[in-house]
Amino acid sequence: MGYTVAVVGATGNVGREMLTTLADRKFPVGEAIALASDNAVGKEVSFGEDEVLKVQDLGKFDFKGVDLALFAADAKVSAAHAPRAAAAGAVVIDASPQFRMDPDVPLVVPEVNAAALAGHGKRNIVASPDGAAILLAVALKPLHDRFTVRRVVVSTYQAVSGAGKDGMDELFGQTRAIYVNDPVQKSTFSKQIAFNVIPHIGPFMEDGATKDEWALNVETKKILDSKIKVTATCVRVPVFIGHSASVTIECEEPVTAEEARRILRKAPGVQVIDQHDNEGYITPVEVAGDDPVFVSRIREDYTVDNGLSFWCATDNLRKGAALNAVQIAELLVERHLGG
Ligand SMILES: NC(=O)c1ccc[n+]([C@@H]2O[C@H](COP(=O)([O-])OP(=O)(O)OC[C@H]3O[C@@H](n4cnc5c(N)ncnc54)[C@H](OP(=O)(O)O)[C@@H]3O)[C@@H](O)[C@H]2O)c1
């Protein structure tokens, strides 16, 4: 006995991680179904140690009988297929940006706003936030509960896997090309990413911000508190897995680094690594393959009233996407789906 769970985008970075996470966390899966584009039909993907799934064509797939559909393809695929999955009776958990700001779709990070899941029935869709927004929300939530965060200044350092498997291939290909003196080819990123950083993620908007910078602001408001102001600079860095962020917050209440550290140590989904020595902080290569949001470099910011600065990082494919979606599925089963 268990749930019939379909993963859309099962051949991609996030989809594969979803299948691994479902198996690792022993989610009660009766049948697992792997879906992708017609190009991938017949390919095989692993589900846990022993099971191999043959990929089926999403375009031809009928969602009748599916309990949960985890979407990890791009926004256009979700726009075209998530509503029909929901209409067929599956609860959709969508990792793409498509429905995140839809007022009838809850945008959920289980450690932060699990209660919002109660609204999932309006469209039968739950959205999982942008990876950097999840990172920020998990770190901010305990601080907001105690100190009331009013303004956030954040610079992100986002891994190439945030741009899908093509982003990882581009970093690998460019690095290799530079070593063997071949011309550097670019297609996913607008500038060379190997041995470089690019202050540009998502299309530019009218005011000069990028879509991801805008998303970090509006998604944080929707998940955590509409009164919080977020100003963001999103930067792509030549790291395969692991989004990081440098964060400064201004709070309503007086804040000390010591109390912030104590609060964060007890917070769900957070691990504090904060020693003032050479190895006393986290870096993205160390978070790859791990679940928590790690917080380091916690210190008071004396340039503003009630200011605090910190560094945080998480595996963007796990907590930043797949793990968050599976945690949503676990909560749905526990609180809403029954059976
Ligand atoms: N990567 C992150 O850090 C992260 C974090 C949060 C959210 N997300 C979101 O998660 C989603 C997936 O990201 P990703 O990094 O896993 O991308 P990815 O590695 O490029 O994978 C994309 C997946 O979508 C499938 N796909 C493409 N076109 C399709 C179609 N027409 N019909 C069905 N499936 C199709 C691909 O299958 P084929 O093998 O058939 O091409 C592949 O399985 C995106 O919406 C992204 O915004 C990603």
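Glycine is treated like the rest: Cβ placed from N, Cα and C.
Keep in mind the model is a prediction, meaning the values are calculated, not measured.
If you look up TrEMBL, you'll see HIS243 marked as active site, proton acceptor. On its own chain, HIS243 (active site, proton acceptor) has GLY131, ALA132, LEU135, THR156, TYR157, GLN158, ALA159, GLY162, PRO284, ALA313, THR314, ASN316, GLY320 as residues at least 6 apart in sequence with a Cβ closer than 8 Å to its own Cβ.
Marked as NADP(+) binding site by TrEMBL: THR11, GLY12, ASN13, VAL14, SER161, GLY162, PRO183, ASN316. Cβ-based neighbour count (10 Å, all protein chains) for THR11 (NADP(+) binding site) stands at 20. Under DSSP, THR11 (NADP(+) binding site) is assigned to coil, being neither helix nor strand in the three-state scheme.
For ARG100 (phosphate binding site), the same-chain residues 6+ apart in sequence whose C-beta sits under 8 angstroms from its C-beta are LEU107, ALA127, PRO129, ASP130, ALA215, GLU219, LYS222. The phosphate binding site annotation in TrEMBL covers ARG100.
If you look up TrEMBL, you'll see GLN158, ARG236 marked as substrate binding site. For ARG236 (substrate binding site), the same-chain residues that are 6 or more apart in sequence and have a Cβ closer than 8 Å to its Cβ are GLN158, VAL160, GLY162, ALA163, PHE189, ILE193, VAL197, ILE198, HIS200, ILE201. Secondary structure from DSSP puts ARG236 (substrate binding site) in a beta strand.
The annotation domain 'Semialdehyde dehydrogenase NAD-binding' is assigned in TrEMBL to 4-120.
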So which of the recorded positions ARG100, GLN158, ARG236, HIS243, ASN316 sit close to ligand 1, that is, with a CB under 6 Å from an atom of it?
ASN316
Count the other Cβ atoms sitting within 10 Å of the Cβ of ASN316 (NADP(+) binding site), across every protein chain shown.
30
Reduced DSSP assignment, GLN158 (substrate binding site):
strand
Per DSSP, what is the helix/strand/coil residue tally across the domain 'Semialdehyde dehydrogenase NAD-binding' (4-120)?
42 helix, 32 strand, 43 coil
